[in-house]
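First comes the structure, then the notes that go with it.
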Amino acid sequence: MAPARAGCCPLLLLLLGLRVAQIPVSAKPKDMTSSQWFKTQHVQPSPEACYSAMSNISKYIEWCKDLNTFLHEPFSSVATTCQTPNIACKNRHKNCHQSSGPMSLTMCELTSGKYPNCRYKEKHLNAPYIVACDPPQQGDPGYPLVPVHLDKVV
């Protein structure tokens, strides 16, 4: 009886898996800090239609983002959320903070299309949110902590 051969498929799958793992879900542009990218993706004091708001994000990442949430408050208010008590994030890090109450927000969900013609449905709601916060980097506002990731809408 001949020994079993692994063949090329497991190696190919491994290489493809490694390639996919290198592509972040929401790749930050190189010329922005994490906080600046957070602001671009999620802070929208005056509500705007998903089509135009998501077009602004797509021009940086050059693909249609599946889901995005916009917080309708100034960056300074979101940064204030970073001063609330630390809680665990979805990834179990302890640098998350929950907003003090429900806030106006818009969720944009991809329905069809390919970049640059992405189509979204929008959902408006008032809900608390959780953000991950880190110390500011050079070029960030001078808050003790700045938001860098929208972890969850509660």
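The backbone N, Cα and C atoms fix where each Cβ goes, glycine too.
What Swiss-Prot annotates here:
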ACT_SITE  His42  active site, proton acceptor
ACT_SITE  His149  active site, proton donor
BINDING   Lys65, Asp66, Leu67, Asn68, Thr69, Lys90  substrate binding site
DISULFID  Cys64-Cys118  disulfide bond
DISULFID  Cys82-Cys133  disulfide bond
DISULFID  Cys89-Cys96  disulfide bond
SIGNAL    1-27  signal peptide
Collapsed DSSP category at the residue listed as 'active site, proton acceptor': helix
From Cys82, Cys89, Cys96, Cys118, Cys133, His149, the recorded positions whose CA lies within 10 Å of that of Thr69 (substrate binding site): none
Structural state of Thr69 (substrate binding site), classified by DSSP into three states: strand
Subset of recorded positions (His42, Cys82, Cys96) lying within 10 A of Lys90 (substrate binding site), CA to CA, in sequence order: Cys96
Neighbour tally for Asp66 (substrate binding site), based on other Cβ positions within 10 Å of its Cβ: 11
C-alpha spacing of His149 (active site, proton donor) relative to Cys89 (disulfide bond), in angstrom: 10
Subset of recorded positions (His42, Lys65, Leu67, Asn68) lying within 10 A of Cys118 (disulfide bond), CA to CA, in sequence order: Lys65
Residue with minimal Cβ packing [other Cβ atoms within 10 Å] among the recorded positions Leu67, Cys89, Cys96, Cys118: Leu67
Of Lys65, Asp66, Leu67, Asn68, His149, i.e. the recorded positions, those within 10 Å of Cys133 (disulfide bond) when Cα atoms are compared: His149
Spatial neighbours, same chain, of Cys82 (disulfide bond) - Cβ under 8 Å, 6+ residues apart: His97, Val131, Cys133, Tyr143, Pro144, Leu145, Val146, Pro147
Other C-beta atoms that fall within 10 angstroms of the C-beta of Cys133 (disulfide bond): 26
For Cys96 (disulfide bond): DSSP state (helix, strand, coil): strand
Rounded to the nearest Å - Cα separation of Lys65 (substrate binding site) and His42 (active site, proton acceptor): 13
